[in-house]
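Engineer: Sharing a structure, written as structure tokens. Questions coming.
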């Protein structure tokens, strides 16, 4: 999913000038907003994983977590597609403003998810005995990834909210290539690279109960 997000964003960057030359404004909005929505889905999947671990550790039911993840993402994509369709039919400034506010709300949902479950899991791990195997490493992973993701979604919330009410702050113009690069580096490129680096080690493969390796 990281590859997909960054691949789509790279295509948009590669054809940046052509994106802004599109005659229908809604196509430009789709190309600019879609990678952000995919980024949201990618990292809320990590929130789902942490939520499942936390619920299992506290002996809480986990059966509603995956349906909740699917439902939240489905609602977000349906609402965003409806906004795009409406803007394609009627280019309305008020609806375009509502679209930006909706992106702010989506980013805030991700920020809230990381704050709640990242924080809960971090403090749960802190209560483990100091001599517990892997405790320190997991504390580092959860704490670092939570801080990275909360920061990047907070920056996105603030910048998009400001650009919704002040056109001079908007990054989605050809006049601000350096600001565009700086913004997307802080909110997508750098967080993706750091999270992949922190979580670079894959879990060990499961060994079948019938198979016992020779020591």
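The backbone N, Cα and C atoms fix where each Cβ goes, glycine too.
TrEMBL entries are annotated by machine, without manual review.
These figures come from a predicted structure and were not determined experimentally.
So TrEMBL lists the following for this protein:
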DOMAIN    1-214  domain 'THH1/TOM1/TOM3'
TRANSMEM  7-24  transmembrane segment
TRANSMEM  36-55  transmembrane segment
TRANSMEM  67-89  transmembrane segment
TRANSMEM  101-123  transmembrane segment
TRANSMEM  144-165  transmembrane segment
TRANSMEM  181-199  transmembrane segment
Engineer: Is the transmembrane segment (36-55) in contact with the transmembrane segment (144-165), using three or more Cβ pairs under 8 angstroms as the rule and ignoring pairs under 6 apart in sequence?
Structural biologist: yes
Engineer: Taking residues 6+ outside the transmembrane segment (101-123), which of them lie with a CB under 8 Å of any CB in it?
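Structural biologist: Distant contacts of the transmembrane segment (101-123): 33, 36-37, 40, 43-44, 47, 50-51, 53-54, 72, 76, 79-80, 83, 139, 142-143, 145-146, 149-150, 153-154, 156-157, 160-161, 164.
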Engineer: Who are the long-range neighbours of the transmembrane segment (67-89) in its own chain, taking Cβ under 8 Å and residues 6 or more past its ends?
Structural biologist: 24-26, 29-30, 33, 37, 40-41, 44-45, 47-48, 95-96, 98-99, 102, 106, 109
Engineer: Report, as numbers and ranges, which residues of the same chain sit near the transmembrane segment (181-199): CB under 8 Å and 6 or more residues beyond its ends.
Structural biologist: 2, 5-6, 9, 35-36, 39, 43, 46, 140-141, 144-145, 148-149, 151-153, 155-156, 159, 171
